Structure formats: C-alpha cells, structure tokens
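A.B. asks: Below you'll find the structure I mean.
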Amino acid sequence: MPIQFDEKTHCFHLNNPQMSYVIGIEKERYVTHRYWGNTLPSYVGSNHLQFIDRGFATNPFPEERTFSLNTLPLETSTQGNGDHRIANYQIRAQAGHTITDFHYDSYRIFAGKEAIPGLPSVRATTDVTTLEILLKDSVQQLEMRLIYTLFEKYPILTRRAVYTNVGEATVVLENAGSMSLDLAESAFDLLTLDGSHTNEANLTRQTIRPGIQRLESTRGTSSPQHQPFLALVDRYTSEFQGNVFAFHLVYSGNFIAQVELEQYGTTRVQLGIHPDHFEWHLAPMEQFDTPEVVLNYSNQGLNGMSQNFHQLYQQHLVPTAWKNKERPILLNTWEANYFELSETALIKQAEKAASVGIELFVLDDGWFGERHSDDSSLGDWVVNQEKLPNGIHGLAQEVHRLGMDFGLWFEPEMISKQSQLFQDHPEWALQVPDYPLTEGRQQLVLDLSRTDVQEYLIATLTDYLKTGEIDYIKWDMNRHLTEVGSHFFAAHQQKEIGHRYVLGLYRILDVITQQFPNCLFENCSSGGGRFDPGMMYYMPQTWTSDNSDALCRSVIQYGYSYLYPPIMMGAHVSTTPNHQVGRNTPLETRGWLAMSGNFGYELDLQTLSDEELAIVQQQIVFYQAHRQLFQFGRFYRLQAPDTHFASSWLFTNEEEAIAIYFNGLSRPALPTKYLKMHYLEAAAIYEEVATKQRYSGAELNQAGVLIPRVKEDFHTHVFHWKKISDPRTSVSS
Ligand code: DGJ
C-alpha cells in the first residue's frame, strides 16, 4: 500500500519506489512534517523531533516547556497561538479575532484522486493514492482538510487544503493557503523563474537567508514576472545531480510562493492564492477549495526535476484528447500583417504557406469590428466585412481547400471602451464605483465573476466553433487587472472578485474545451504572461513569448523547459531583422530554435527568396519526419546559456537523438568544447546520420563530441544519430 498509517509511530508513510514523504501526529493533535526525500523501505523515526525549552517559546501545555508550536515542524501553520512563522491561513471570526486551534481528528486513505470543484488539477484515476487528514477547530466548528495524492510512477505528490465551516456563524477566510511545509534543513539554494514581458522565465538562483523570501503576483494573473513555482536545492545541485524539492501551483491568478528560514535553521515553504486583496465569506456548511500544488522530488538534479514535470504535465494535466496527439506546423499572420488584413492578401499568404507544407493557418488579431489598431473593438466579435468580405467562413473554406487547418485569434476576456459591447454593457467591465477605469493597451477587463458575462462568452465562442470551420483558437489576454470590483456582488464580497474572476475563466474554458475537445487551444497572454499549469489543464500549448528573436528565445525556452516540455511552448520562425530586437540571425538557426518548441512560422513567406523558401521547405519536411522526437521525446538541457549566449540541449527517444548547440556570439579565443550527451542509452549504439559513424551511447555521453569552430554569430551545430536497435552491433561495423 503506497500510503500507510503506523499506529506505533503515529506516522503516515507515503512511499513509492522513488520517494518517501512522512507525516507525524504529535500529541494526537498536531500534524507534523517528518521526512521528504529518497525512498525509505520503512520509517521508524530515527530523526527524533527536537524538544528544548527555548527562550520566548510559548507552550500549549504550560507544564511542558519543551513543547512549542513555534518550533514544531508542521504540515500547516497555526494561527494566533504560538506559531510565529509565516501563516498558511487566517480566518476571521464574527467576533473579530483571527484565533483558531485546529487539532487532528481523523484520516481517510483511498485509491484514486478527486477532482477539485471549479479548479483545474492534475488528472489521475489509476496508480495514485490519496490521504485526507481532517483537522477540527472545536470552538468555531471549523474544519481543515489536508489532501495529499501520491503518484506511484513519479516522485510526485500533490497537496491542497480545504476549509469548511460546519458551525452556525459565517466566518471570513482572509488567507487560504494551499500548503505549508517545514523542512528540517536550511542549506538550500532557492530557484525561481522570473522575468517580464518579452523576457520571461529567467532562472534565478540565490542562497536562502534568514527571514522570508517571497515571490508573488497581485496582477490578477500568474504573470510573466514570476512563475508560481519555487524549488529548494542542495548547494551542489546542478542540471545533472543533486537533490531538488520543487513546488508548482496549479492556478492562474494572484499567488504567493514563499520560504522562511527561521531562527533554528529550519525552512518553511508555502504556496497558495495571494492573501492580499483576498477574502472569502464562508457561510455555514460551505467549503473553500484551494488550488493544488505539485510537489516534485528529484535526486537527479534539475534535469531529473524537469523530466518529472514534463511527463506529469503531458500525461496528466493537458486535456486528455491532446496528450498523445501530434501538433500541426502553423503559420501565424501577426508579425506579417499586424492589423492590416485583406482577404485577397491572406489567401495569397495561405497559398504560399500551403505550397511549402504548412499545416495550420492562423488568423491573428485585426479581423473583427473596427479593429485597425489595438485601441478598439474588443468585445465586438463580428467580422469586419471590408477586410474579409466573405467572412470567417469564406477564409476558412479557402484555407481548408488548400489542405490546411484554420485557426482564429480571440481575446475573450477584454472589452475596448470603443466598442458596441461597452456601449451596451458598461457594467460588464471590472470596476469600482466612482473611480476612473484604468486602461491598459487602451482596453478594460470584462468582469468574469459575473455569470451573465460568462454565458455571453460561452455563447460567442460556441457560435464560432459550432460551424466546424475552426480547428484552433489562440486565446490571448493582454493586460493585468485593475479596479478589481464587480457590480454583481455585494460590498462585503468585493475582495472575492480576484478569485471569482479566475473561477469564471476556468468555467468558460471548461465548458468550451469540453464541448469542442478536438479544437486545439493555444494559451497566450502577450506570450508567457499566464503560462501556468492552471491554463495548461485546458489548453495544451502556450505562445511562449512575444519575443520571437532566436537568440532571446534560446534563453526564454531554456528557462521554461525547467517546468514545461517543448510541445507546450509555441515557437515560430520570424523575419529578420527581428521585430522586437532588430537582430539578424540565420534562417537555419531560427528553424532549430522553433523546432525546439511547438514549431511554426510567423512571417510573410512571399517575401522570402527561392533559396530561403527551399530552406523553409526542408525544415518542414525534416520536422514532419522527426515530429515524434521533437514533440514526444525526452528533452534534456546540456548547457545553460553562458556569457556569450552559447547553450545546448538534447532530444532523445527510442529511435534517435538530436543535440542542438547554439554558439551565440562568435569569439576568436574559442575555448575547446566537448559536448557530452549525458542521457543517451549507454549500452546502445548510435549511428551519426551525416557520417554513418557509429558510437556507443556511453562514449557520446562521457567523451562527448567536439564543437567545431565556425566564425559566425548565432550559428547552430546539430548532431543527429539513429539508435541502432541491436546493441550487439559492433561500433566499427
Ligand atoms: C499579443 C500576442 O502575444 C501576439 O502574438 C498577438 O496575438 C497580439 N497580442 C495581437 O494583439
């Protein structure tokens, strides 16, 4: 049994072949953290808890001065009665105070994993076991459930908390964290993924220091500024070795992720909805479900962590219909046209696209209302007849006739002040009475907490999708939330709107994606502004960044790969000079970069020379032949971007392997570089496609390959091997 309760030690042992997690019950009341790491065959309790009479410590049992909540390693914080570390929850009683006293009550272990009402979560029915620990506050009749699901095949555990009011008075949740955990050590580095629009997902590594280190979003979305993720790693941990304890929140709104290195050298970790600007009124018999956190343990460094995330998200998070389905090579119209669209020009672009082998033609922004720039028409999802006289139907038909799928851009959550929708429904924008409406990109945000707005969006999208002519939707979202208030809800509920917005969004996505499971949805928020596991539950891929420059993308995609596999990261070959940074990079390099994500193009193919078009055609043919490797193979980082922006990675599956090395900036004093593959099957034989030379996997892993000198910026070296199925074949044959 993967989860067991030991009556003697009063411990729950959550155990699979790769990982153990141990929870204790202390004094029949307090739920403690006892162990997390490499799998243990059994747990008896050699790592006894420390009980010392410490200065300033308060004691729940007055005579027992060595026992204090202030130092006990806990699985949830306590509130107002002695645990002075960061708090995971806070509940305001009608009497005005925020004291609670939750005691362990009982537990339940069952096979499987329950879905969370209204929230996305990791999907699993088999090979998982769930432990639910119930705590009760008998003064106010409140309940807290700590829910743990252990995967049998991955060193992965999911955690969440549920707060229930079984009393007679409404209480107010002022903080409803998803999880809290006290690790007994502190010699960790903290890893986070940070950035900004067009510069997402930079890995930051810093030593944890006394006090609190926190990352957060109060922008209404998970944001490009920080991933809802953190990892604690041993100081020696690298891509290839060492312990990693990683946490990723399955949520798309305001979040907090924080660690506290406390006075006696232990480390508290917490993740959940951000408590600022948040409140939830919990009436009698109501419960509040918090978003889930994925806890990922690796003893094989950061590549090990990424393998766990990649497999979990591809197999258990994205919509089931898409987990094994190949993705089409697309051409997106944005950078070629911006808002200047005409049916004639688009059809010409589509014809060119079809002629080189593009499989999906995506019409981006600009096709509706009076959308001639980004200052109007959001909400008026009616085709502009001047641009498209035969409507979406006419263009879609033409694209289909050319043998491609057809995709369309929407930004459903937004409303322009200059729109018919705003004339008709000014109350549908998020707003606070008497205060000005702050615009971003000259647009406002629809109040998705309202059911009438949700219904309107469901009906609008359904009308387009039910024609059967749209095979793909790009769901964009280009600003953050301000004046987060709603006419629909009472004054006392205004601090609930941030979370209600996210619940409304999830409801719309749930209805639409279930109704149209075969439509491919691409998540976008000015690129990676809302690239989080919550959105990936509904949409299996994301436009990774509005920065399409190959060099910048090598850093951004490298960063996102810590959490997401390449198939989830939209990556397009765009024109040169690049529109965001003005850089010229070789078409070949742009191709390899885009193939290292979810492959597509975003330029006017008609402007390319015959030689360039031939390269594009070759890229498409190559990608089609190796799509299984790029989309479903294993992806490993081999070299992080250095000061000259050189970086490299490896794709491998049962049949073949491709290593890609970007040289970044060329330099005269080139260091000698052997690129080691690390992750090929050591006993297998690999034949280099270009030379037919055969090598053992062990040799390629350990001796590596020489990176030849090329006097050119942004050059790419690609090494491609076929795996020879019979490992007894001699290396020299
Ligand atoms: C932001 C997206 O990231 C771009 O790709 C493009 O779709 C624009 N919005 C359109 O307004």
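Placed from the backbone N, Cα and C atoms, the Cβ positions cover glycine too.
Marked as domain 'Glycosyl hydrolase family 36 N-terminal' by TrEMBL: 30-283. What TrEMBL lists as active site, nucleophile is ASP476. Annotation comment: TrEMBL describes ASP546 as active site, proton donor. The domain 'Glycosyl hydrolase family 36 C-terminal' annotation in TrEMBL covers 648-720.
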A.B. asks: Give the residue counts of the domain 'Glycosyl hydrolase family 36 C-terminal' (648-720) per reduced DSSP state, in the order helix, strand, coil.
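C.D. replies: Going by DSSP assignments, the domain 'Glycosyl hydrolase family 36 C-terminal' (648-720) contains 6 helix, 28 strand, 39 coil.
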A.B. asks: Please average pLDDT over the domain 'Glycosyl hydrolase family 36 C-terminal' (648-720) for the predicted structure.
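C.D. replies: Averaging the confidence scores along the domain 'Glycosyl hydrolase family 36 C-terminal' (648-720) gives 97.
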A.B. asks: I need the CA-to-CA distance for the residue listed as 'active site, nucleophile' versus the residue listed as 'active site, proton donor', whole Å please.
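C.D. replies: With the alpha carbons as reference points, the distance is 11 Å.
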A.B. asks: Which of ASP476, ASP546 (the active-site residues) has the most other Cβ atoms within 10 Å?
C.D. replies: ASP476
A.B. asks: Going by DSSP, is ASP546 (active site, proton donor) part of a helix, a strand, or coil?
C.D. replies: coil
